[in-house]
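See below for the structure under consideration.
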Amino acid sequence: MSEFELLDPSGIPLGRPSTGSGAGGASPGAGAAGGGTDPLLDGLNPAQARAVTARGPALLIVAGAGSGKTRVLTHRIAHLIREREAWPSQILAITFTNKAASEMRERIEGLLGDAAQGMWISTFHSACVRILRREAERFGYVSGFTIYDSADSRALLKRIIKDLEADTYGFTPANTGSKISRLKNELSGADDYAATANESDPRDRLFVEIFRSYEQELRRANAFDFDDLIGQTVHLFRSHPDVAAVYQRRFRHLLVDEYQDTNHAQYALIRELTRPVEPEQVERLTPPARAAEIDAMGRIAAASLTVVGDSDQSIYAFRGADIRNIVEFERDFSGAEVVKLEQNYRSTQNILSAANAVIGNNFDRQEKHLWTAEGDGAKIVGFTGYSQHDEARFVAEEIEDLHREGVAYGDIAVFYRTNSQTRALEELLIRSAVPYRVLGGTKFYERAEIKDAMAYLTSIANPYDPIAWSRLLGAPKRGIGPMAEAQLANFQEERDISFHEAMLAAPDLGFGPKLRATITGLAELLHRAARMAAGLPSTASADGAAPEGDADSADDPAWAEGEKRPAPVADVLKLILDETEMIEKLRAKRDPQDEARAENLEELVAVAREFDVKNPGAGLLAFLTEVSLVAAADDLDDTSGTVSLMTMHTAKGLEYRAVFITGVEEGLLPHQMSVDEIGGVSEERRLMYVGITRARERLFLTLASTRAQFGDISVAMPSRFLQEIPEALIDWRQSPGEVTGRGGTESRALNAPRGGQGSASGSRAGRGATRTDSSVSFGASTAGRGGSGSAAVSEPASGNMQSALDKWRERKRLAKEAQRAGGGFPNLIDGTARDNGDLELTPGDRIRHDDYGEGRVTGVTGAGSKRIAHVVFDSVGERKLLVKLSPIAKVE
DNA sequence: TGCGAGATAGTTTTT
DNA sequence: CTATCTCGCA
């Protein structure tokens, strides 16, 4: 609504129709005031400048890695505004992640100041939610609909599969969910699938049934899943041309980033938004179209479309991304212009050469000629560890070296293929007192206790949501079991009322006195919280003894005229937490894990409070939307000054001075799962390409020759991608050939002189490791410098697995706490001493470290549990160690 | 109803 | 290895 008002700021006419085909040449600064240089074009190369100033119905910017596409995109938008070709409200810019969106917004604000207000800069999903919330009533939803994340979808599917007894046919929530997701990304629903399904195949019929019932349940729950957000918006536009017309008219300029990662549904959405408004719809518009908007045929011209992408960075095929969208763009959108950005401003030549060499092995791609004016820079560093711990140790040491050389922690990133690889890395980083953070991974909002609390909020916003409701019944445990739940759910379904109403009817349902009281108590709490969230006065007298004022008598007129102001989300949440005593109950359990959970809940309150401050009066629904759509909670502070750990997928769009790519092994990168898939390896290669091109100055490629997964240890072969990089570019500190010899595992005996065929101890060598010849070419590389390359293995003797694990968890928790306590790595972890908490160290002391051997303490900084010892080791030189957690002891 | 032990099964990337 | 589920018992 309010955005629409911006559409028509009284008299000021638009400069010229932005979509008048092919009008603008590259005449820079056409309307710029003072002549001379145009700040928006200044410093851009010709291709970039063209990408900023080109006008026409469609523009494809082929942007190689590091070619300044964000700059181009932001400048293009700013240029449109400044040249008066568009109002901010006519801009719709779509990015892939929220992080990219907020970064873009910031940069545009930097160029335009307040003039950037009113633009839609968001992800596909956020934009669609915004549209759907506004138009929900058009197709039988309520604007307070819930957004199901994949866990919610799975919970729903689980129920359905169980009801249909489909599990015996091999249907699981996971495989069914991903199949449904795939279909939805192709915009096909249950009926479409049924039309093509094989009627005689019981599995197919059953799947149709599951799919149908899933869609039905979603609707009954007033919920959308992730894929629906896009798909339903498309359906909305197709079935309601008048609604579509509103958006087609409004958004005159559509800009899409990372276009190579769009799937079919997203493509369809773009198509819908870039259709002209036909005359019969033009007539129905409110406010009516002005003459300037309408062309000779009585239509409103199609919006202009700008897409930016790089087919070499397409890494989301598994999610339905269709590379054809970008490859066939010119054919798709007639009159499209193509601008190629090929100069790389990010990386050194060595890094770029490696990237080009790797990606060059993908056959079906258009050649690009990425080049840089930078020098060669440092060589890429390679390292092969004996184990993943050894690899991690190398990473930690190199990070410290870099740090000593003046590279800030915040300029360093460590990438990996799978989230499970973080463990070894985290352990070593903690021990080395390197501040780090993990992006993505186990997300804050996926934690059980957070989901519990969120279930209350969700249920308040949407009392028809069975998933949220069912979750909150059992959290905390209060004696409402499956039996009672089923009874309430049945009642709810029969009467077609909300779950909250069903609970209020509990007295009539023949529950025992205790249960009845519990249920009505809970119903009243939800009711109270709902009123609060809606901005209605809390019922009657102060809390404490719940007054008689039950639901039905809620129509007191007192608040009728006072404008309803939604209560701060944090207050609602606080009410829930206080009344349910969730936090207290966790604390009472005296388990450190539960203590952490309690803290998480407190953090959730803090998050909500922050949301309230940033979005005053936005209300519960906005909060829920943000939570379900925001990926990693802590994207926000890039300034935290810590090393960043993330998967390579998460890394897309980011850049760092120094980058470590870990686990560069066959089976991991490329991942085993991808090897059999068609095009799988190509996609992995693009992933590798993305990883490499994130690095500005320094690139480290590391691997391990053995890797522990699912319990036992297996031999790992170097990735084929390593072979694709010219040997001259890599400086091997320890090459694969030096470590694996002939594919055996020399697990512990590395101090033994090489060549002597060390004992192939422990694990069965060569299991499943059909000898590729990958390792052969590496044998020749040199050993690199002495010193830090060779040290004892760090494998902690795995005597007692369980206690070692517990120990590690505890250590990790403490260390995280320490990091969280304030900016980088300040003071404090109190009391709870561990390992060496009370170890006294003074300069001059000799100590022994499990990994590094003996060394001499040169200094101690920090206080309490944050004490950091500076030690010069005989073998590896200076290291910083967190005294409390390091495996060190004084040598007498 | 709620808890703990034990068995089991599944392991990629994410808005 | 680990997360999830089932089963039996209090």
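Placed from the backbone N, Cα and C atoms, the Cβ positions cover glycine too.
Sequence annotations record features per position, and here TrEMBL assigns ATP binding site to A:Ala63, A:Gly64, A:Ala65, A:Gly66, A:Ser67, A:Gly68, A:Lys69, A:Thr70. As annotated by TrEMBL, compositional bias 'Gly residues' applies to A:21-37. Taken from TrEMBL, the feature compositional bias 'Low complexity' covers A:760-769. Taken from TrEMBL, the feature domain 'UvrD-like helicase ATP-binding' applies to A:42-348. If you look up TrEMBL, you'll see A:349-653 marked as domain 'UvrD-like helicase C-terminal'. Taken from TrEMBL, the feature region 'Disordered' covers A:1-40, A:538-563, A:733-837.
This view paints the features noted in TrEMBL onto the structure.
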residue: A:Ala63; record: ATP binding site; contacts (Cβ under 8 Å, 6+ apart): A:Lys69, A:Val72, A:Val308, A:Gly309, A:Asp310, A:Leu341
residue: A:Gly64; record: ATP binding site; contacts (Cβ under 8 Å, 6+ apart): A:Asp310, A:Asp312, A:Lys340, A:Leu341, A:Glu342, A:Asn344, A:Lys368, A:Leu370
residue: A:Ala65; record: ATP binding site; contacts (Cβ under 8 Å, 6+ apart): A:Asp310, A:Asp312, A:Gln313, A:Asn344, A:Arg346, A:Ser347, A:Ala355, A:Leu370, A:Tyr689, A:Val690, A:Thr693
residue: A:Gly66; record: ATP binding site; contacts (Cβ under 8 Å, 6+ apart): A:Asn344, A:Tyr345, A:Arg346, A:Ser347, A:Leu370, A:Glu655, A:Thr693
residue: A:Ser67; record: ATP binding site; contacts (Cβ under 8 Å, 6+ apart): A:Leu341, A:Glu342, A:Gln343, A:Asn344, A:Tyr345, A:Leu370
residue: A:Gly68; record: ATP binding site; contacts (Cβ under 8 Å, 6+ apart): A:Leu44, A:Gln48, A:Leu341, A:Gln343, A:Tyr345
residue: A:Thr70; record: ATP binding site; contacts (Cβ under 8 Å, 6+ apart): A:Ala100, A:Glu103, A:Met104, A:Arg107, A:Asp257
### Message
Let's check the environment of A:Lys69 (ATP binding site): how many other CB atoms sit within 10 Å of its CB?
### Response
22
### Task
Return one of helix, strand or coil for A:Lys69 (ATP binding site), based on DSSP.
helix
## Note on the structure
Those same-chain residues, other than A:Ala63, A:Gly64, A:Ala65, A:Gly66, A:Ser67, A:Gly68, A:Lys69, A:Thr70, found with Cβ within 8 Å of the centroid of the ATP-site Cβ atoms are A:Val72, A:Asp310, A:Leu341, A:Asn344, A:Tyr345, A:Arg346
